[in-house]
Amino acid sequence: MLKYIGRRLVYMIITLFVIVTVTFFLMQAAPGGPFSGEKKLPPEIEANLNAHYGLDKPLFVQYVSYLKSVAMWDFGPSFKYKGQSVNDLISSGFPVSFTLGAEAILLALALGVLFGVIAALYHNKWQDYTVAILTIFGISVPSFIMAAVLQYVFSMKLGLFPVAGWDSWAYTFLPSIALASMPMAFIARLSRSSMIEVLNSDYIRTAKAKGLSRPAVTVRHAIRNALLPVVTYMGPMAAQVLTGSFIIETIFGIPGLGAHFVNSITNRDYTVIMGVTVFFSVILLLCVLIVDVLYGIIDPRIKLSKAKKGA
């Protein structure tokens, strides 16, 4: 397992190098510059700003300098947020995005598995059909549409939750539901199909023949094996939640990394765009690695196959 993790860490470093390189040159190829905008600066001032930030140097020199900075976990200064570096923006925005993302992931896992298990236990009954309708709705409706519907119903009409902002737990409820709706629907479908397959397996029939009650069979034997596809989906789910947070944070006025990223695109703040992209890439790669390790812990067959490959 340690050899496997070591190899994955090496692959992560190579992947990050490619991401940093591609992101850097894409930003350089973008039309305009960080100081181009509706209000054009005098040429002298723009030249001084370019010299101050090292943007007047040859492209390869800028690239090598940026690689060295990223290797030291320094993403440079922000062009638009005065007196703040990209690291400062990440430090202030990530706890907010992490809180929202963690709440959405936990909500998606809890409700998705619950609905999937209920649908499997009551296969081809009204409970199963109800869950099917809910999952179709969750998969079909984009998160930003869900956000607008939740704001209209629960904030503007019923007045149960605030429309936007980030001051207390009440402000997290609607955005976390909007962010969790699609992954929750996928998890419910995965759990249902996997649970039905497990419930029809031989060892479940043997457990029932031994006189074990239905709850005991479900909790002790069925759910653990049925959760394997859900664990596999956790990596893509993390990516889905992170990318979805860009729009959700903007809609709900949440001061997280997603909102900073969207604002940086509008403001041509290239260092923030590159820094947040690299930071999110690190988070996603770590999530995928953790999911792979968890999968090996849950399913010993995977652990054995990895050990054989590493030998």
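Each residue, glycine too, has its Cβ placed from N, Cα and C.
Quick look at what Swiss-Prot annotates:
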type     : residues : note
DOMAIN   : 94-295   : domain 'ABC transmembrane type-1'
TRANSMEM : 9-29     : transmembrane segment
TRANSMEM : 100-120  : transmembrane segment
TRANSMEM : 130-150  : transmembrane segment
TRANSMEM : 168-188  : transmembrane segment
TRANSMEM : 226-248  : transmembrane segment
TRANSMEM : 278-298  : transmembrane segment
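Touching of the transmembrane segment (9-29) and the transmembrane segment (226-248) is ruled out by the presence of fewer than three CB pairs under 8 A, sequence neighbours closer than 6 excluded.
Residues 99-101, 103-105, 107-109, 111-113, 115-116, 119, 131, 134-139, 141-144, 146-147, 150-151, 154-155, 161-162, 230, 233, 237, 240-241, 244-245, 248-249, 251-252, 254 of the same chain lie 6+ residues outside the transmembrane segment (168-188) yet bring a C-beta within less than 8 angstroms of a C-beta in it. For the transmembrane segment (226-248), the residues of the chain that approach it from at least six positions outside its boundaries are 97, 100-101, 104-105, 108-109, 112-113, 116-117, 120, 143-144, 147, 175, 178-180, 182-183, 186-187, 190-191, 193-195, 197-198, 254, 256-259, 261-262, 280, 283-284, 287-288, 291-292, 294-295, 298-299, judged by C-beta separation under 8 angstroms. Within the same chain, residues 1, 4-5, 8-9, 12, 15-16, 19-20, 23, 70, 75, 90, 94, 224, 227-228, 231-232, 234-235, 238-239, 242, 257, 306 sit at least 6 positions outside the transmembrane segment (278-298) and bring their C-beta atoms closer than 8 Å to a C-beta of that stretch.
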